[in-house]
Protein chains: 2
Amino acid sequence: MSRPGQLHLNAFLMGVGHHEAAWRLPESDPRADVDVEHYKNLARIAERGKLDSLFLADGPVLWDQVGRRPSGSLEPTVLLTALAGATERIGLIATASTTYNEPYNLARRFASLDLVSGGRAGWNIVTTAGLDAARNFNLDALPAHHERYQRAAEFVDVSLKLWDSWDDDVVLADKAGGVWGDQGKIYPPAHRGAHFRVAGALNVPRTPQGHPLLVQAGSSANGRNFAARYAEAVFTAHQTLADAQEFYDDLKRRAAEHGRDPDHVKILPGIVPLIGATEAAARELDAELNRLIRAEFALPGLAELLGVDVADLRLDAELPAHLPAEEQIEGAKSRRTLVVNLGRRERLTVREIIARLGGGRGHLTFAGTAEQVADAIVAWYDNGAADGFNIMPPVLPSSLERFVDEVVPILQERGRFRTEYAGRTLREHYGLPRPANRNTGAAQPDVALRP
Amino acid sequence: MSRPGQLHLNAFLMGVGHHEAAWRLPESDPRADVDVEHYKNLARIAERGKLDSLFLADGPVLWDQVGRRPSGSLEPTVLLTALAGATERIGLIATASTTYNEPYNLARRFASLDLVSGGRAGWNIVTTAGLDAARNFNLDALPAHHERYQRAAEFVDVSLKLWDSWDDDVVLADKAGGVWGDQGKIYPPAHRGAHFRVAGALNVPRTPQGHPLLVQAGSSANGRNFAARYAEAVFTAHQTLADAQEFYDDLKRRAAEHGRDPDHVKILPGIVPLIGATEAAARELDAELNRLIRAEFALPGLAELLGVDVADLRLDAELPAHLPAEEQIEGAKSRRTLVVNLGRRERLTVREIIARLGGGRGHLTFAGTAEQVADAIVAWYDNGAADGFNIMPPVLPSSLERFVDEVVPILQERGRFRTEYAGRTLREHYGLPRPANRNTGAAQPDVALRP
């Protein structure tokens, strides 16, 4: 497949880095987790590199023990609004849960972010795995995986109706006649579904992007179907080129089956770039970070992911021979399977698995020189495994700085990455059209609304 | 009562002004309703005047017909986050509904705003009247007034538990030992109440202010009880000094009955200042704005407030003799009674009532010179009717500029208003202490948690 174009790069920001032990390095500020100036600095570095977007993961829950790593997590729409004011062009993608929000509130907040940022907002749609989150929202059990995805689909349908509830040309601003807007161009959703009833129009006009970029990151069967229908960008985790190619082909095909242009679904695997002046230096940084992991802090989370008791895992042994199947897991299905396959394939001990996850939680960690990192990125891109990458710097800000200052110029020299922003909006960076309003006639669907 | 101190001033921002016809003036930008640069300009003007805070009203609903006035309404926590980046000191108070949010999400968002702004966040707690809002949140009827307040009380209780779920000194940042935080200083709410079950701690540390300033604006019996228990600042609407004095004394007494220091509840009546070089010029601006109101747009909202059909109201007649009593209204009770009393007392026609409400929706409109406005403010303050004022500029930005540049200097000259910020946080501006963490022993309660 010939794809002569340029690739897309997203900077996935997380505290002082994706490696869970990054905060222990001498260079790291262990209180940066809730320091807006730290994030403004990261955003400016990423924008200096002309990256497409910033991304924040999220869950409405205090993860793990606070002993393990910096645990403060500013709410993403608030934090990205602050970053909008510190940047000019880069896109701003916030994670938010369809299980623990209401469509009217969330659609409005993303529309507000899109307006405040001049068309730079994206929403990473998640259904939120984990019992602990459920117990913060009046529940005693996690809703089943398929139920969460059913609610998510209806949530997005309602959100699209809300974002289209104003036509683009509502505002008349007729001062002489005393008529501000044209009520005939307001389209209240009047939605009555299994999970939601939403009668009225949004109280925010249609936004610069029409609606925020829709992003998705689940790779289970439910997740792939959901992504094929709605997502315009997909974050995904693969350890091998073959797995990434399978996912890439599968998702593009599913999107086409929904009547969508497969090129309007951008697929971005995660990569944790450990960059050194030499390959040996990069590997030494990797080893140093893994030495700093306290594995006992990571055990409870791994046990929950696998659906076993903590007592069933022994740090210096391989995974237990018998583990619950993916079908029996109601949490993060695809992440569970990736971890099991990794452990089995490479015959890793639990401690080694924790080290691998500690760096990227299942995403591909790549240690090498800037040239080697660029080679790896281009290879996956050229071999039909990716439209771009979700860059997960293990240490922040230093790993992001190295990526921007050392890897990006190589990609630019090879003609694989922009040297200047061509557009103003997040959609423009990703080469995606501004969607037509569904109430006034759309051409090919940008996302597939259910009938 | 001797109160030699200085008064407090809040700038209540609303689009291009509180007067519903302000957008029709030649000077007004009719598209400023969703323009973040417009709001940044207003915030900087208010901060130039050393005002205590900015405030945004809110409801999750598209009000009225869009013909009437600019109708876009950016979500307040997003907009105030943007304004935090454009200012240094001024407080930032956002309205949010306890009826249509979940405590974990909202407490987290306000904590995030408090962290991002360096301790400048306030939450105006509302229960949200109106059937149209209910119908955006899966309901076919508005929950009853007392039910909304019961939910609100539990919502605030849970929020306080969440804000106190981290001790102030959780973070150890022990790099050598590999322990970031002290799990023993995390206090999960484990809340199980009539409306909410919230098990886990917040994923945001305790904030600069301990928790955001709690603000309240309902003046019904339910509203006063709620304010007496929780509120640290109260926005209120009165047309006469006597009414304002009654409210002031009543609320301070109720706060004392809850074991609180009455001085820790700041009472701020609304005032719509129409400032002219002469009193006649101010009155002419008032008249011009009222001529620009299209009364037919305002009728449906007035009818809903009064609990009657639109057909029951005639523009050039007084209010109907028989109206539903406050007890029969499930919406904005105290606002309904204020409007009825205004109409009866001054024998106003419906058209005249609409003109009076069009300026300030029941708040006191005061037209005069800067000197006269300052006199009125000081008179209410000295006569035990107010701790300060909620300034509602009828036209924005011009009415705010005049207030800041003409009225504030007079108040400063008279020693009634600060000439420089003394503190950094919103609490410091209002002279309120940072609350102790309830989990580690508090002195006198800053707000009265229910047992």
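Keep in mind that glycine also has a Cβ here, set from the backbone N, Cα and C atoms.
TrEMBL names A:Asp58, A:His145, A:Tyr149, A:Ser219, A:Ser220 for binding FMN. Of A:Thr81, A:Thr87, A:Thr95, A:Thr98, the residue it gives for the same site is A:Thr95.
The stretch that TrEMBL tags with region 'Disordered', taken from the ranges A:236-259, A:428-451, is A:428-451. Comparing local CB density within 10 A for the binding-site residues A:Thr95, A:Ser219, A:Ser220, the maximum falls on A:Ser219. A:His145 (FMN binding site) falls within a helix when secondary structure is assigned with DSSP. Chain B has no C-beta under 8 angstroms from the C-beta of any of the binding-site residues A:Asp58, A:Thr95, A:His145, A:Tyr149, A:Ser219, A:Ser220.
Note on the domain 'Luciferase-like' (A:32-385): mean pLDDT across this stretch is 94.
If you draw a 10 Å sphere around the CB of A:Asp58 (FMN binding site), it holds 19 other CB atoms from the protein chains shown.
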